[in-house]
């Protein structure tokens with residue numbers, strides 16, 4: 001509620017319309033009205049477009065004023081028809097993280113090809129065991145405690161599903177075991193094999209416990225640091241599972257404060273709440289944390305289910321956002337009318353909110369026919385409220401300025417005629433800008449843009465019809481002195497003052513008598529322009545320094561087990577956070593062909609002087625694990641030119657697959673109906689620590705080129721992480737594309753509605769400066785540049801254009817000198833824009849108490865959107881219009897009234 005500091009009688013208020021406002025004070029030199037003696041084509045076009053817009057909106061308003069109940073009924077029928085699409089509604093469940101990565105990329109296609117032959121999805125849960133006060137865990141006690149944690153997994157069950165029912169199994173010779181990656185692989189010994197209770201699988205924990213119990217601390221250290229070979233005779237990558245203190249120069253000899261262990265569970269990464277895999281992991285997490293209290297070391301857990309919860313956790317602050325929207329609605333109810341028994345418009349404000357709700361339902365119905373509801377769509381209610389309430393305020397303001405018209409339908413028609421162009425420009429620019437933003441390659445961003453574009457357009461339609469019909473009914477109530485909300489009661493002595501004793505239109509008087517005269521002084525104008533360009537220069541510097549930034553742990557709740565795990569990982573495994581697993585896929589080719597055998601030998605050779613992969617600068621040494629190298633080793637083929645005879649190739653391969661080593665890699669081979677190879681997988685790791693996020697694509701390209709250099713047909717690297725590399729590589733391009741398209745649409749739509757190039761260009765200054773300033777401050781305030789902030793930047797164009805375009809249209813519709821017309825625009829549209837800005841501020845300001853990463857980011861970005869939108873729209877654009885604004889639609893006082901009367905007469 002706005003409380004004015006002084007009372008002003010109603011007789012002191014000069015009625016101001018968008019056609020004629022003279023707000024110069026006595027000290028301001030009068031300026032001649034800028035005439036255009038011989039209007040050019042654009043001037044005539046501008047006039048024609050304005051007249052056409054006013055005519056159409058008058059007819060619509062007059063029709064609604066005659067038939068408000070019918071209009072409301074038709075609105076509900078239209079929304080009901082649109083809502084039929086809800087039967088096709090679906091959210092993004094099952095699509096996983098693919099919605100955040102570009103479609104149609106080579107990485108995605110390669111991954112799909114790989115999945116056609118190998119269906120071995122699994123989920124990785126991780127544990128880091130840290131010695132108290134960084135004590136050495138490379139001891140018998142430390143390893144036994146790591147084994148105790150694995151035993152917790154093995155003993156965990158959920159509704160009859162145990163570890164051995166769900167674990168990812170592998171075989172080595174006669175031994176079938178659950179896959180665990182850790183230092184325990186060094187201590188597993190076939191001579192100490194102990195079977196699990198099911199009698200089928202070998203218990204990894206019991207077997208390693210039996211072995212470790214026989215070793216001294218010195219023997220433990222020797223096994224880890226001196227002869228790091230796994231029980232399957234593969235090299236053990238020590239730095240992936242044996243930690244070091246952050247800042248130290250490599251592993252301290254024969255000492256480590258931390259171990260890391262990976263436990264693999266079969267199941268799809270999309271299996272979520274209610275699935276046996278998810279629930280098992282949640283129980284295991286609790287059990288491990290309970291055990292940690294009993295150990296001399298501390299265990300930190302990162303279960304896969306917690307990673308899934310991190311995405312869902314972002315929705316925890318949605319109720320907070322809804323609470324903010326409720327507070328904003330209360331503000332709207334208090335400020336849309338004049339707070340007294342008759343002039344209050346609480347019921348009308350509720351009608352505006354109902355119109356927004358109807359638009360939201362219709363949007364879901366329409367858009368569900370073409371796409372799904374994504375994770376960012378929870379911002380849509382806020383967006384529709386911000387734009388819908390802005391339209392409602394503008395319509396009500398225009399209606400209040402027609403109080404001299406007694407005929408209700410005509411008054412409604414005149415009001416909508418005056419407000420129609422303004423709300424059309426803002427709604428169409430927003431809607432088209434978002435729809436054009438649907439060209440992005442990232443599905444989550446694309447469908448959000450399309451839903452937003454459709455929602456804004458429906459919001460506009462319902463505010464221009466449903467809300468106007470409710471306004472008509474409310475005006476009849478006021479005309480008959482009936483109370484707001486309790487319309488059966490008639491007020492006998494109607495007051496012009498509100499409950500605080502102030503007259504109506506206080507904010508309008510402030511803009512007319514205080515804000516506009518101060519703003520349009522030379523010293524103020526120079527200060528505004530200087531401040532704008534100073535901020536612009538600083539922001540340009542920040543923008544060019546802005547880098548793509550996103551930390552995986554940003555999505556985790558503070559204090560949660562997974563957040564603590566990531567904090568610990570940064571301390572003890574910082575050097576391995578940029579190491580990613582990669583598979584090498586070879587597809588259908590003649591594997592027995594001697595030439596292809598030689599090429600594969602070069603591809604998988606471990607010697608960097610010869611091998612195609614091992615010589616790659618981003619290859620993590622000693623991580624290449626290829627079935628083909630093991631096959632050649634079994635066949636005693638030591639020279640790269642040695643090959644298996646073509647005729648006996650598959651016979652030899654069959655023999656190899658019966659050996660212990662062969663059994664262990666059999667799942668990496670896919671055979672056709674003729675029992676010949678159709679696809680294979682080999683494994684390695686890459687190190688991206690030398691590259692920025694947006695340059696990691698170079699790592700992927702380098703590995704691809706290395707594999708291609710071997711000449712093996714139909715072979716390529718595969719990794720789900722490549723999808724993120726592809727996304728990061730195009731984010732700058734996507735951001736630039738979305739913003740440029742949005743700004744271009746703003747200019748084109750503004751020009752089509754106003755018909756004036758100069759006015760359209762000045763209007764564009766608001767969102768242009770706002771976007772640059774936001775990008776710059778993102779750098780100085782250390783706000784991450786990623787997909788979330790790109791969405792906010794796209795929103796900023798739509799929300800900031802509201803302020804600029806309304807003021808420009810108010811300027812173009814006013815009469816007099818540029819000074820008078822700027823004052824007219826500010827007086828006419830400054831109050832509704834201020835209310836709209838405050839409404840959005842209230843709705844988003846509550847997010848200062850948010851606890852999740854996404855909503856904290858939304859809060860920061862929306863505060864900048866509101867601040868820069870209001871500054872550039874209500875301060876900078878008026879100053880530019882004062883100095884450089886074009887001629888308006890009308891040349892003389894009375895022209896507007898004459899034209900509007902003509903529109904009314906012709907229609908009646």
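Placement of Cβ uses the backbone N, Cα and C atoms for every residue, glycine included.
The region 'Disordered' annotation in TrEMBL covers 1-35.
Residues annotated as transmembrane segment in TrEMBL: 69-89 (among others).
TrEMBL lists 317-473 with the feature domain 'SSD'.
For 320-339 (among others), the entry in TrEMBL reads transmembrane segment.
TrEMBL lists 346-373 (among others) with the feature transmembrane segment.
Taken from TrEMBL, the feature transmembrane segment applies to 379-399 (among others).
What TrEMBL lists as transmembrane segment is 419-436 (among others).
The feature transmembrane segment is assigned by TrEMBL to 448-473 (among others).
Here the transmembrane segment (518-540) has long-range neighbours at 28, 769, 772-777, 780, 819, 822-823, 826, 872, 875-876, 878-879, 882-883, meaning same-chain residues at least 6 beyond its ends whose C-beta is under 8 angstroms from one of its own. Look at TrEMBL and you will find 518-540 (among others) tagged as transmembrane segment.
Annotated transmembrane segment per TrEMBL: 735-754 (among others), in sequence order.
Only residues 6 or more beyond the boundaries of the transmembrane segment (761-782), in the same chain, are considered here, and those with a CB under 8 A from a CB of the stretch are 532, 535-536, 538-543, 545-546, 739, 742-743, 746-747, 750, 754, 789, 793, 796-797, 800-801, 803-805, 808, 860-861, 864-865, 868-869, 872-873, 876-877, 880-881, 884-885. The transmembrane segment annotation in TrEMBL covers 761-782 (among others).
TrEMBL lists 788-812 (among others) with the feature transmembrane segment.
Among residues of the same chain six or more beyond the transmembrane segment (833-855), those with a C-beta under 8 A of the stretch's C-beta atoms are 313-314, 316-317, 320-321, 323-325, 327-328, 331-332, 335-336, 382, 385-386, 389-390, 393, 507, 554-555, 557-558, 788, 799, 802-803, 806-807, 862-863, 865-866, 869-870, 873-874. The transmembrane segment annotation in TrEMBL covers 833-855 (among others).
Sequence-distant neighbours of the transmembrane segment (861-882) (same chain, 6+ residues past either end, Cβ-Cβ under 8 Å): 516, 519-520, 524-525, 528-529, 532, 762-763, 765-767, 769-770, 773-774, 777, 783, 789, 792-793, 795-796, 799-800, 802-804, 806-808, 811, 818-819, 821-822, 825-826, 830, 833-834, 837, 840-841, 844-845, 847. Taken from TrEMBL, the feature transmembrane segment covers 861-882 (among others).
Here the transmembrane segment (320-339) sits against the transmembrane segment (379-399); at least 3 CB pairs are under 8 Å, leaving out pairs fewer than 6 apart in sequence. For the transmembrane segment (346-373), the partner stretch with the highest count of Cβ pairs under 8 angstroms, out of 379-399, 448-473, 788-812, is 448-473. Under the criterion of 3 or more C-beta pairs below 8 Å, with sequence separation of 6 or more, the transmembrane segment (788-812) and the transmembrane segment (69-89) do not qualify as touching, having fewer than 3 such pairs.
Put simply, of 379-399, 419-436, 448-473, the stretch with the most CB pairs closer than 8 A to the transmembrane segment (69-89) is 448-473. Looking just at the domain 'SSD' (317-473), the mean pLDDT is 90.
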